[in-house]
Amino acid sequence: MSLMLEPNPTQIKEERIYAEMGLTDEEFAMVEKILGRLPNYTETGLFSVMWSEHCSYKNSKPVLRKFPTTGERVLQGPGEGAGIVDIGDNQAVVFKMESHNHPSAIEPYQGAATGVGGIIRDVFSMGARPVALLNSLRFGELQSPRVKYLFEEVVAGIAGYGNCIGIPTVGGEVQFDPCYEGNPLVNAMCVGLINHEDIKKGQAHGAGNTVMYVGASTGRDGIHGATFASEELSESSEAKRPAVQVGDPFMEKLLIEACLELIQSDALVGIQDMGAAGLTSSSAEMASKAGMGIEMYLDDVPQRETGMTPYEMMLSESQERMLIVVKKGREQEIVDLFEKYGLAAVTMGKVTEDKMLRLFHKGEMVAEVPADALAEEAPIYHKPSQEAAYFAEFQQMKMETPKVENYKETLFALLQQPTIASKEWVYDQYDYQVRTSTVVTPGSDAAVVRVRGTEKGLAMTTDCNSRYIYLDPEVGGKIAVAEAARNIVCSGGEPLAITDCLNFGNPEKPEIFWQIEKSVDGMSEACRTLQTPVIGGNVSMYNERSGEAVYPTPTVGMVGLVHDLKHVTTQEFKQAGDLVYVIGETKAEFGGSELQKMLHGKIFGQSPSIDLDVELKRQKQILAAIQAGLVQSAHDVAEGGLAVAISESAIGANGLGATVKLDGEATAALFAESQSRFVITVKRENKEAFEKAVEAIQVGEVTNTNEVTIHNEENEVLLTANVDEMRKAWKGAIPCLLK
């Protein structure tokens, strides 16, 4: 739309054009009051995008305040591009997770690829070198052709971007449930390393300093992407393909190197990624955080399309762009630095003292808005909350143990459930060894990456069982954090902190808002007990298709510190003769389990219970035993229960099996999904020391028979399974479904 054709302020009000941009009548009245006049078209666009849920968190802020965000090691909590945690020796780890759900639903390859690109920029804008990527993905059932297409394209998009840019994709999770059929979830996480003195903030300090635009040129892609992410998907969403950005990983690779060199220069004052809401959010947020204003001359914006209006330039979400503030008089150094990498760096404005964001185009002022009004003063809504109707019904159900006729057949069927089955088809497309720092590759409880120049490593994982959270949001929220910590501990790491990606339906529905509140309550309590503060994250609402919401999916991304790489532990059995231990008590808990879903085609009842104090005690004991060199392998018991966990530890080894005896009712002993449980193997000579250090029950030993045999307490054989056959079933399940 050319400037001549844009509606005037009176038309915007009378024809309610602001509503098409996502502003309510009340919000538009607030804008009018803030400005003391009617806004023009560009100004209306600025407010609509900055006040969207995606940028302002206006529906979720009251809930997010419940998270613990400080801790001894926390150097930067929520509010910047990414959070930062101290790991000793003047080094810190920088990490964040974000969603790209709506774009991936309609343009899966580019949606996923640009999700990866955006999260990488958040990390290097802090001054950190990105060292690893992870992802957490949710899709419908693979029997559907549309789901197959989305799954294949999302994985290809993540691989295409990550592999080209040269950052290893080392871990993640993929789950399949019918509720994600029309609305897949694509959450990407990036982890970086930094020295303390290199930490940079997205702040525009120093009146008179120069505002520069660096990186790729601006096109019309992604306009109103943030607003698009703040509404439900519908049939008309397909028409919004232009709102999906297009990524160029090679450009981003150059941008990383140029920015990391720039960060070493004392000419740099502040730096921020142009992410959601592009130039608008980066300029308004940098000015607001510093208590300053910014003037920008939009004729100087590098444009790759002709005739772009101020509105289009400010709202474009073209990829691979950064906004920087540099000391006045040092601009040429910056231009030269970026030129060396073949990238543009242009002066397009200056920092001012009056806290206003002013935009000029073709010699005229086209917008004048208080920076704080855009970045900080979006309305905050305390949405009504109402317990979901199904919850009381599920809580009152008398839970029966599912009827299982044949334990071996059931185990094989569980190993072939896509959520449990091997994800090798996925991660074999990712380069997880590039940079040669990956110590534990995908497929174990957590990935581990070496901290170069030290004996240390970083363990990292993404976790969330959304079925449990649907059944009981508060308990499920606790379990999500606890399971992430369990995976870190099983890998030899001390849990440090989390980033989260809160994926929910429409928050304007009281039952959905109740899910949000309760799951955040549960997560917050777990974070406090396990001492893993929340250092940043992302909220993705309106994940619905035709009014049906996805399961509440607050994904947890956790990073832990492996103090010495010789403590690194993996899940597979190591040698015949080692003793097998189970830690934790098994109860007949099947609500939300893989067995329940497989046998009944749906989930119902109560989620498994969790005692966070018991969880913490077990994790501390196990980590101490690992650090004392007493543990051969460690694996948390998750989907599918003990039978699956023991089988996975055998499948990962070569030529090894196990003979195990489990007490209690057979179906529960094998397949229940009780929490805070671990399968651990120990060398025979360490038996006494291990049993002194950890409250554990020896249930059997590792054999060289290549079979897993499980007995009941009467010593009757419940099942015997050949490990090669299990491996074939487990590895073949997803490729078979995709054929």
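Numbers here mean position along the shown chain, with the first residue as 1.
Glycine is treated like the rest: Cβ placed from N, Cα and C.
Swiss-Prot annotates Ser99, His100, Asn101, His102, Arg121, Glu317, Ser318, Gln319, Ser540 as substrate-binding residues; of Gln245, Gln386, Gln395, Gln606, the candidate listed for that same site is Gln245.
Together with Tyr57, Lys96, Gly537, Swiss-Prot lists one candidate of Asp25, Asp472, Asp500, Asp578 for binding ATP, that being Asp500. There are 27 other Cβ atoms within 10 Å of the Cβ belonging to Arg121 (substrate binding site). In terms of Cα distance, the binding-site residues that sit within 10 Å of Ser99 (substrate binding site) are Asn538, chosen from Tyr57, Asp122, Asp273, Asn538.
Proximity to Lys96 (ATP binding site), defined by a C-alpha to C-alpha distance within 10 angstroms, is shown by the following binding-site residues from Asp122, Asp273, Asn538: Asp122, Asn538. Largest CA to CA distance in the ATP binding set (Tyr57, Lys96, Asp500, Gly537): 17 Å, whole number. Here the candidates are the recorded positions Tyr57, His100, Asp273, Gln319, Asp500. The one whose C-alpha lies nearest to that of Asn538 (Mg(2+) 1 binding site) is Asp500. Sequence-distant contacts (6 or more apart, same chain, Cβ under 8 Å) of Asp500 (ATP binding site) comprise Phe67, Met97, Met523, Val534, Gly537, Asn538, Pro554, Thr555, Val556, Gly557.
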